[in-house]
Amino acid sequence: MASLAQHVAGLACPPLSGASGRRPAALTRPTALVCGTYALTKDERERERMCQLFDEASERCRTAPMEGVAFSPEDLDSAVESTDIDTDIGSLIKGTVFMTTSNGAYVDIQSKSTAFLPLDEACLLDINHIEEAGIRAGLVEEFMIIDENPGDETLILSLQAIQQDLAWERCRQLQAEDVVVTGKVIGGNKGGVVALVEGLKGFVPFSQVSSKSTAEELIDKELPLKFVEVDEEQGRLVLSNRKAMADSQAQLGIGSVVLGTVESLKPYGAFIDIGGINGLLHVSQISHDRVADISTVLQPGDTLKVMILSHDRERGRVSLSTKKLEPTPGDMIRNPKLVFEKADEMAQIFRQRIAQAEAMARADMLRFQPESGLTLSSEGILGPLSSDTPSDDSGEAQTTDE
């Protein structure tokens, strides 16, 4: 700054022309020259510092890229190889989903290989979006390697394969335990229907369906089923609705009151669905009064209480009655609401009558077997022979004494 001022001060200025040849009075005074510097802001100083550091780092990378590095590129390749995971087809691998697309999800498996989970390998069910299977970014799961894309060496993963193995194992266990399961009908053909059980598609032949419904009528319905054949190697899963119905019917005692829904009407009676079991309410068992037209009493879709009269476990047939639940004859026609309100009470009376009738029949048999030590009370109840009841032996002894 001083040198610049000295330089400027030493410059010679030519005299101004004038009449007198002298300078104006204003120019005879000393002239001061002010000089200054440009001040940078804080952000600008930081930007210059970062640029300088970048230039220095760029120069080091160009001239000495390995300076300060404790290992060589060969050491890095060796370390990657030693920590690489098993990527053989069929092996299980743990990974984290980091991105989803309309076609599937990309998975980080902590390897130099890229991994992808296709949409159709996300679960056992048919889905349209990967999120329907619960696949979202951040999900940590175990996957199975099922293939490798030769073009870019991307590993193809599957969750469906793991779930399928678990589902077959579960079905084998349920078959061994003879358990009744619920299957949803999703299709059918002329031989039977296809039901979804434990995520697997099983076949139910029409010979093993308890009702006479067609495949179209059973679509989207849930059926109680039992396993007939579970063969993972052949991919065969055969189920039976009749066997499951036989189990359910075994729990329905005669005289039991159950809730049912009218499925269809026929001239001879109404078919009632009682929790997956198809029962027949014959026209003669609707009421004590004669029913000329069933549709005047019942309509498809009606909900009602019915009593179990009998069941054929082999054929899967159940006979029902509302007649036995009528407090007075004809109530089912005049006041069905009263019949349903009194259903449990009337069923209890019916069961007591049945028990008494059975006791009377057993007593008749025991009269020919006095050694049983049982007798029948005035109420029709069997009990032990009392000490004050004369027996044939005591009568004979009294006669002998006389």
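Including glycine, each Cβ sits where the backbone N, Cα and C put it.
Those TrEMBL annotations? Automatic predictions, nothing curated.
Going by TrEMBL, these are the annotated features:
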- 90-160: domain 'S1 motif' (DOMAIN)
- 178-242: domain 'S1 motif' (DOMAIN)
- 255-323: domain 'S1 motif' (DOMAIN)
- 375-402: region 'Disordered' (REGION)
- 390-402: compositional bias 'Acidic residues' (COMPBIAS)
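DSSP labels the residues of the domain 'S1 motif' (90-160) in these numbers: 8 helix, 33 strand, 30 coil. The DSSP breakdown of the domain 'S1 motif' (255-323), given as helix, strand and coil counts, is 7 helix, 35 strand, 27 coil. Summarised as a single figure, the pLDDT of the domain 'S1 motif' (255-323) averages 86. Sorting each residue of the domain 'S1 motif' (178-242) by its DSSP state yields 9 helix, 36 strand, 20 coil.
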